[in-house]
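A.B. asks: I grabbed these lines from TrEMBL:
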| type | residues | note |
| --- | --- | --- |
| BINDING | Trp56, Gly82, Ala83, Ala84, Asp104, Trp138, Ala172 | S-adenosyl-L-methionine binding site |
| COMPBIAS | 1-10 | compositional bias 'Acidic residues' |
| REGION | 1-23 | region 'Disordered' |
Amino acid sequence: MSDSEHEDETGGLFEDPADFYPPTPPPTFQTYTTKTGAPITLHLVGHSSTEAHHLWNGSRVVADYFQDHPDEVQGRTVLELGAAAGLPSIVAAAVGAKRVVVTDYPDPEIVDTMWKNIWGCELLDQKDMPIVADGYVWGADPEPLLAHLSSGLEGQTGGDKKTDKFDVIILADLLFRHSEHGNLVKSIEMTMRKSRDSKAFVVFTSYRPWLQHKDLAFFDVARERGFTVEKILELKTERPLFENDPGDEDIRKTVTGWVLQWPKEACEEPST
């Protein structure tokens, strides 16, 4: 009996009904307003198992921070991990970062959405774009990301492929992925330039207050790998991102920011 005859005989017995799976939510967008009043439209995928369909509070706070402290990114190379919409990266580029590589899980829809946000931002120089989007799995070989520095962006000339790494790393609201802490720190190790001027900005909210200790365990991993850790900010938002979630509301509204740096003895380059 042929496959087609078998299918006819069973009447599609093993086929799921057309409405068996709920439809994927459509893409959405949100608007972020810079401190100068300029709007940035941020497109988001309709749904993602990596939670890339949210504009996280950590992203907003990092974007605000770079506008208040533009010297942290001006003239520097920047890498963002788990970026979703890529807001901090776009703001870093807009305030003068030399080169920016914005990354998230290598899902075509997520990467396309990051590109859409880049090309749609009127604050960026479309003729000399300093930012590129790419897919990246935490802990994986970072050579494709580092290659963006050596090859340059939009015609810019890069440096020595063997030494080019990033001055600034951004992790916004990623610490709830407890099983990935090791890979996140590994990615910082592999991509951050060994200079006292280099910084990894880690900004997050404990959206599940009863697991806050597990979120904070990330910094234990970072210290074990030799990084210094410093808390640089704490602020409370007007309301929690997920208003109907359980747990202490004050914790769910609180955003904290931390900086990871190489200790002096680990640095291969002097501070500038």
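Glycine residues also receive a Cβ, built from the backbone N, Cα and C atoms like all the rest.
Fair warning: this is a prediction, and the values are worked out from it, not measured in the lab.
Can you tell me where each of these features sits in this structure?
C.D. replies: A simple way to gauge crowding: the CB of Gly82 (S-adenosyl-L-methionine binding site) has 24 other CB atoms within 10 angstroms, across all the protein chains here.
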A.B. asks: Would you measure the largest Cα separation among Trp56, Gly82, Ala83, Ala84, Asp104, Trp138, Ala172 for the S-adenosyl-L-methionine site and round it to whole Å?
C.D. replies: 19
A.B. asks: Please report the number of other Cβ atoms within 10 Å of the Cβ of Ala172 (S-adenosyl-L-methionine binding site).
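C.D. replies: Taking all protein chains shown, Ala172 (S-adenosyl-L-methionine binding site) has 28 Cβ neighbours within 10 Å.
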